[in-house]
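Trainee: Reproduced below are the annotations present in TrEMBL:
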type	residues	note
DOMAIN	1-98	domain 'C2'
DOMAIN	226-347	domain 'C2'
DOMAIN	386-521	domain 'C2'
REGION	636-681	region 'Disordered'
COMPBIAS	650-672	compositional bias 'Acidic residues'
DOMAIN	936-1061	domain 'C2'
DOMAIN	1108-1234	domain 'C2'
COMPBIAS	1319-1328	compositional bias 'Acidic residues'
REGION	1319-1362	region 'Disordered'
COMPBIAS	1336-1362	compositional bias 'Basic and acidic residues'
DOMAIN	1408-1530	domain 'C2'
DOMAIN	1651-1802	domain 'C2'
TRANSMEM	1899-1921	transmembrane segment
Amino acid sequence: MALMVHLKTVAHLRGKGDKIAKVTFRGLSFYSRVAENCEEVAHFNETFRWPIASKLDGNEMLEIQVYNYSKVFSNRLIGTFCMVLQKVAEEGHLELTDTLTDDNNTSIKTNVTIEIRYQPMDGMVGVWSDGDFLDVPDDRDGTFSFETDSLLSGQSHGSGTAGKGVFSAMKLGKIKSSRDDHKKDEPAVLDMEDLDKKAMRLAGMLEPDTISLASVTAVTTDVSNKRSKPDIKMEPSSGRPVDYQISITVIEARQLIGLNMDPVVCVEIGDDKKYTSMKESTNCPYYNEYFVFDFHVPPHVMFDKIIKLSVIHSKNLLRSGTLVGTFKMDVGTVYFQPEHQFYHKWAILSDPDDITAGSKGYIKCDIAVVGKGDNIKTPHKANETDEDDIEGNLLLPEGIPAERQWARFYVKIFRAEGLPKMNTSIMANVKKAFIGENRDLVDPYVQVHFAGQKGKTSVQKSSYEPIWNEQIIFTELFPPLCKRIKVQIRDSDKVNDVAIGTHFIDLRKISNDGDKGFLPTMGPAWVNMYGSTRQYTLMDEHQDLNDGLGEGVSFRARLLLSVAVEILDTTSPEIFSSTEVHVESVSNISESATGKIEEFFVFGSFLEATMIDRKTGDKPISFEITIGNYGNQIDGVSKPSSKKKKKDGENEEEESELIQNSSEDEADEDGDLVSVSSTPPMKPVITDRNYFHLPYFEKKPCIYIKSWWQDQRRRLYNSNMMDKIADKLEEGLNDVQEIIKTEKAFPERRLRGVLEELSVGCSRFVCLANKDVNQAGRTKLDRERLKSCMREMDSMGQQAKQIRTQVKKNTVRDKLKLVQNFLQKLRFLADEPQHSIPDVFIWMMNNNKRIAYARIPSKDILYSIVDEETGKDCGKVKAVFLKLPGKKGFGPAGWTVQAKLELYLWLGLNKQRKDFLCGLPNGFEEIKATKTGPGLHSMPPVGLVYDMKQVFQLRAHMYQARSLFAADSSGLSDPFARVFFSTHSQVTEVLSETLCPTWDQLLVFDDVELFGEASELRDDPPIIVVEIYDQDTVGKAEFIGRTFAKPTIKMCDEHYAPPRFPPQLEYFQIYRGNCTAGELLAAFELLQIGQGGRADLPPLEGPTDSERGPILPVPLGIRPVLSRYRIEVLFWGLRDLKRINLAQVDRPRVDIECAGRGIQSALIQNYKKNPNFSTLVKWFEVDLPENELLHPPLNIRVVDCRAFGRYILVGSHAVSSLRRFIYSAPDKTSNNWATAGDIVVNMDGDPPVRKMDTVVKLDAVSFSLKSDKDKKKKKKKKKGGMEEEDEPDESVLDWWSKYFASIETLKEILRAQEAAQAEAEEREDIEIAAETAGSKTKERGKEKKNSKDKRKGQAADGSERRPVKAKVDELVVYNKELESEYGNFEDWLHTFNLYRGKAGEDDEHALDDDRIVGRFKKQDLIPTWGCSRVAFFMSKSATDLHPADINGKADPYVVIKLGKSEVKDKENYISKQLNPVFGKSFDIEATFPMESMLTVSVYDWDLVGTDDLIGETKIDLENRFYSKFRVTCGISSSYSVHGYNSWRDPMKPSQILAKLCKDGKIDGPHYGPGGKVKVANRIFTAPTEIEDENGLKKQTEEHLALTVLNHWEEIPRVGCKLVPEHVETRPLLNPDKPGIEQGRIEMWVDMFPMDMPAPGPAIDISPRKPKSFELRVIIWNTDDVILEDDAFMTGEKMSDIYVRGWLKGQQEDKQDTDVHYHSLTGEGNFNWRFVFPFDYLMAEEKIVISKKESMFSWDETEYKIPPRLTLQVWDADHFSADDFLGAIELDLNRFPRGAKTAKQCTLDMIRNEQDLPTISIFKQKRVKGWWPFVARNENDEMELTGKVEAELHLVTAEEAEKSPVGLGRNEPDPLEKPNRPDTSLMWFLTPLKSIRYFIWHNYRWLILKVLGLILLLLMLGLFLYSIPGYLVKKMLGA
């Protein structure tokens, strides 16, 4: 259905000028082109077409507005014409001329002539043919091309330079679409013109701001649309294995359910399991153990693996232990977290066997997943206190509720069809001979994997169409942390089962978690499975494809399934509580449930087959197209043995040799239409040494197939609409990025245009998608998805409008990021989870063998009446590249093209078939099949013959390529380019040894024949393929990369003149597989050869016909304009050159080359003695293009001069962009240190100082890190006594106090930043909502201020909140390398890595470290010459090292190398630690420039064998030494002469300042009275006194000088931030695992020149020794202890109480009190003392324990664990195990204060621990009170099981020695005996009574039974003893 309006003329215009018309229908406007210089009449002669989805209503309006067009001002309306379309709706055709009306609705003279046609769906209105329009060149799409003069005059097609980014749109592998090509370069899309006016583009192109989606269908915008874009990326990226490393730290567990357990944590990923050590009798074990798993698998296999954490209770060698609870999530969930990690989060454990139970406890862990090249930042998060808030730090991704519910996942499997045969037919034939029955050769069953569990259906024996009707039920927490369900059809086999096909269901796509979301649901729907080819072989080489790895190359089967989820109510009693998978049967579903079966028709035509790889051999080649099993003649479906459903499967027998294999049910209304699915075989013809082509010429073979599928086109239509919107958006965003990258004008306008398009597209989607709602077979998912897609698209459209209003020049980049999120969202929405029609496969067959294939999604070629819904390649010619199947297609084999097809495809309902040829290039006749039949006229053609042929000459201007891939071992390539066009190919010359060849060569292809109409070819030429190869002396040339281009076309009746000709050079991105391999700078033109032959073409300079005559250069108009530049190079030296061919480099030289010119450095005579150059500065002149983007790269090569004049290439480096080196003269006007208006920075409210000098007034508190003594004094006065005790004693402070104080500050700052950021984001949201552009900037400013104030505020609060933070001088802790903070210290020279050897074949070329053979330093400024000096090297500590030993630990030590000297610290290795603290400083002497690279490595010590390298980091000392940031020795924040913070640089601050002022040629420093100093024109103030060791005060200027140094960046012109005293964190890397961090090391380097005075002794940073303490715990009494036992006799409850205690980690040293027997009230009296000695690190708040891990350990391992005291109460039993009653754990740093009396002691002290004030034993020293004992009852609730009165007393080891105490109640300092009631003392008074009490009480029944037994035995004995005598008596009768 469509409405067409043909706008002919507008007449009776007043005045001369440019006119433009706007035609509007149903709210959609099209603009006409501009009619130039019209006087009386404007001839528009244009057709506009609106595809309409619903019937035309009689009272709809059409509106035409005519404007005066102006380039500068907005267009002025002349008049409007409106009409009601009633007549059109009735008759379908109307021509009329009518007058326009002006603004006041009065009619004016001007009239308009139009013709309107309406074509309804079924031809109810008068029928007319397409060609009915008068004098409009005919073209089926309603698109035609302009040949009129007015159009071509002047700027008809725009100039070639303005808008096209030099980088062509090939960027993302997309060729400019035909229409982009037509708008060639609209005059100045991006430049001068003010695009915000609704100015219209000439040549019928809309201006970017108003391009609307629908305009694609308008005649004017889209001149010809018959070709679609080829995809440039060839290689399938999935399926290739990559390195992954998963690191998991299990820190601790809490609240584990169970009594007195010995928990172990098991970490399981996939099939790998690792266990922590066992902790005894505790519910909250502390592990802090680190595990690393390494994998080498494809990404999606990795992301589907399940990480399972489980806690097991009392596992040992003999028993597997009982499972307490588990937690599961897939690796993908972790990987897609920010930073790829969860840090310090709590995982909730649940019990898989009992889903009614709640949480079983929590494990605190870190999980990180690192792929190659990812780096992980260790967050310095808030400290422990915040993390103890378990609920707030759960291990769950954003947006998932903390309380997850259990749910059932039902996967129903109904049936499958089209299975391939999976057994050999030999056995089957034998069986058939014997039994006479024919069996299907496959025994399928379905297996479903989800969340680490799997279930499977029953096996259906021998069936190609099995019916299962079963459902598999999984029980899992919802929402699940596993993204995909894997469904696999497998073939059951006696030996091993193999997969037939695999399908993944992504839960995110079948559910929606929004507020109007829906639970996962799907189907019942068919899913198509793809995999290896269908013929059965014993060893299938592509079996991986069937397992879902890589892209399937053939249809395998389709499976009908559905998915549903039901949330369980776990409280209901009848629920099945285990999570076992179980299978049930379900009822069958009706045929129609999945949709009505329709007949589909596929038509394809092969217009060209070229670039066929010669390896395929020269046997005849044919192409086969299949859809599902239809059209597959070699290995399609064998018939199911029972002759049931005929229509599913194209019932060809294997033997059928006919191509036209007709089957009886295919006769239909077309007469006898049979499918022709492959082209006739044809022998290939040689193109060149690599490729063949097929000689199709004017005869183009066609294929067609009929197939039957459920009609679910709506799904594909919606998908297509979204895809088109997304494509358009992507194209627009690429444009915007190009504009930004090439620094063109007005990127914001293009972005506004893109957003406009997006919002129009979204609203269009919303009105089109809502059709066919009640079609058969719509599933719940279809309905819900439609709703959510419409909601999403609607809101996206609204947001796009909103953002559009906010796009300003300065916000372009931010908004661009926002819009890129839209693109991802669109792509996600467009991916339809429920399949319908299977994909189409094209196979190249050679000798009945399948060689190469291409797979085309069916939605891309699906036809719809509505244009937006049509697939992007439907009815268009597409260049398709065939590739090798499966693994063969990986790597180099996958980069070569197997064949390139120009292919036309159409897929649609058979009844809509009439249009299937309409998109083909015109000018052909159809060839029908020879068979004559009744319905011949409607038969599709089997071939086309083109009678129109055009001859062209192609000129390829190959100018240069750059940054190519290094293909030779020298690190360079010998590149040449091969250009393919149609069936022709030519090569450029080979340039040897370069990565940036400038061929400057013109390739001329004469007599290229193209078939079709001239006008169509002009708008839509075929593409040109350029391949770049590396010439090797032996063997075949090696492939480097490929790119595509479209030529600019000149027809013979056009002039070769600007703006289109000569064409401009453009950059084309070269791809190698999926990665870029350089860029090609070239231009292509295609010139039609007319009647006059070649003589008419623009002349070429030089001969063209000679065989290999002189090479033609690129002609002048195309070559870039050059101007003269001078390149100056300052040579410094070479470093770290590796050996070449085993010989050392001795006399190197550097050659620098750019654009054919170059210079050589002086020769270094002896590299070992002095690797620097003698002559430093050299220069050369060179001609470079004026356009900076065209600058050729600068090549740096190093050669070694050997004896006898031989030169050997050592390595090379290409500097791709010279832009950063271009010198621009300083701007005289903006003299930023002019003294005219100096600012006075006045921080405190002091009176203003002289205007002349800028004053920067500071406390010495710069940033919020530094501190100052004055402040402390002020504080003391304010706070009185409280502060005094907190004031740290100078003698206690050491370097570590400084370090930990700095870490605290860093955390605080980070927290403040996070808060500020969150606030900023909130504000941003509010802004978008408010949509006020004006107030925004003000708010921004405010916000910045606020966040600053807030940060200060927060830092201040921080110090208020805590017990007032002691003032300690601090340093700066960088959590990255210093280099990244200070621009690699390349401020004085640039370092270039020299590469040699081939680049890696891997996907990422990023990691070329192994190719580096040395480094060359080239410099811009000459520094002073440094000789040799000492480097102080401090290594502080390392974190998260990669374990190197089997036990998952390492024994690290440090090795330092510098030149020849190496320091090994092997004897001080740290046993079994992954987070060692080295605390060492090393001195090394070094001489520059020979030794400049410092390598710090961490090794793992092994008792036997060599030590393993864990990782290393390299530091370039030379760069640091000469840097202006002064990295030699960090500047501390304050100056003192003694103590832990004494100044360590040999130069005092005043000397440093004087030197800096002298070097920078600035005025100063002038020290003034009153603590002021003036440097340049700034004034600083600071205190002027200093205390020495004896506390005497002296006058000094050092504080002043130091203040200036700390603010050096504020000094004009020369200022820069000097490196402060710091600790840097450097990643450790291991060459064996490139790109994956192996841990980090914290360290710093100080350097002191030898010619200066010697520095003082190194700072002592040896690790703090833990301090020894003794904790004395006196257990006084207990109360309310629950009573366990029954008294015998009376049966009353009682308990025999004792208390046990230990410090965590020292369970071996547990101590027990004596027993208080027979407590009847739960009261116990003990007066018993426990004594626990321990070593404690104050700064880290950890206890340090050293113990051997096992009896076999070589040495002791050090553990650090938090100080926690555990007290337990037990009931003593004499003959059975004691009963555990309750426990309490006190964290000695923060535990609740004890209650005064037993009454006040309640459970709340434990429950509300967070809210209660806590105390620390380390501060209080002595605490006494009552604490509760708790245990968990059956329902997992906490209950109070007793109370204990205890006294905790902490003494240091020295004090303990002075006043020793005894254990229990022993001497010294004994405690008195407890006063216990008499029952408990019966022992001593009445032992018998007491025995009775105990023994009788517990064992009375046992005793009675034993007594009875003894009596019985006695009687029996007596009986046996006396019976003989008795018998004798009886017998003798005595």
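Cβ atoms here come from the backbone N, Cα and C positions, even for glycine.
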Trainee: Find the member of 1-98, 226-347, 386-521, 936-1061, 1108-1234 that has more C-beta pairs under 8 Å to the domain 'C2' (1651-1802) than any other listed stretch.
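Mentor: The stretch I would name here is 226-347.
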Trainee: Which residue counts does DSSP yield for the domain 'C2' (1-98) in the helix, strand and coil classes, in that order?
Mentor: 6 helix, 60 strand, 32 coil
Trainee: Which range out of 1-98, 226-347, 936-1061, 1108-1234 gives the domain 'C2' (386-521) the most CB pairs under 8 Å?
Mentor: 226-347
Trainee: What does DSSP give as the helix, strand and coil breakdown of the domain 'C2' (936-1061)?
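Mentor: Reading the DSSP string over the domain 'C2' (936-1061) gives 9 helix, 63 strand, 54 coil.
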Trainee: Mean pLDDT over the domain 'C2' (1108-1234): what is the value?
Mentor: 79
Trainee: Mind checking how the domain 'C2' (1108-1234) divides into helix, strand and coil residues in DSSP?
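Mentor: Grouping H, G, I as helix and E, B as strand yields 9 helix, 54 strand, 64 coil.
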Trainee: Tally the residues of the domain 'C2' (386-521) by DSSP class, grouping H, G and I as helix, E and B as strand, and everything else as coil.
Mentor: 16 helix, 57 strand, 63 coil
Trainee: Going by DSSP, how much of the domain 'C2' (226-347) is helix, how much is strand and how much is coil, in residues?
Mentor: 14 helix, 62 strand, 46 coil
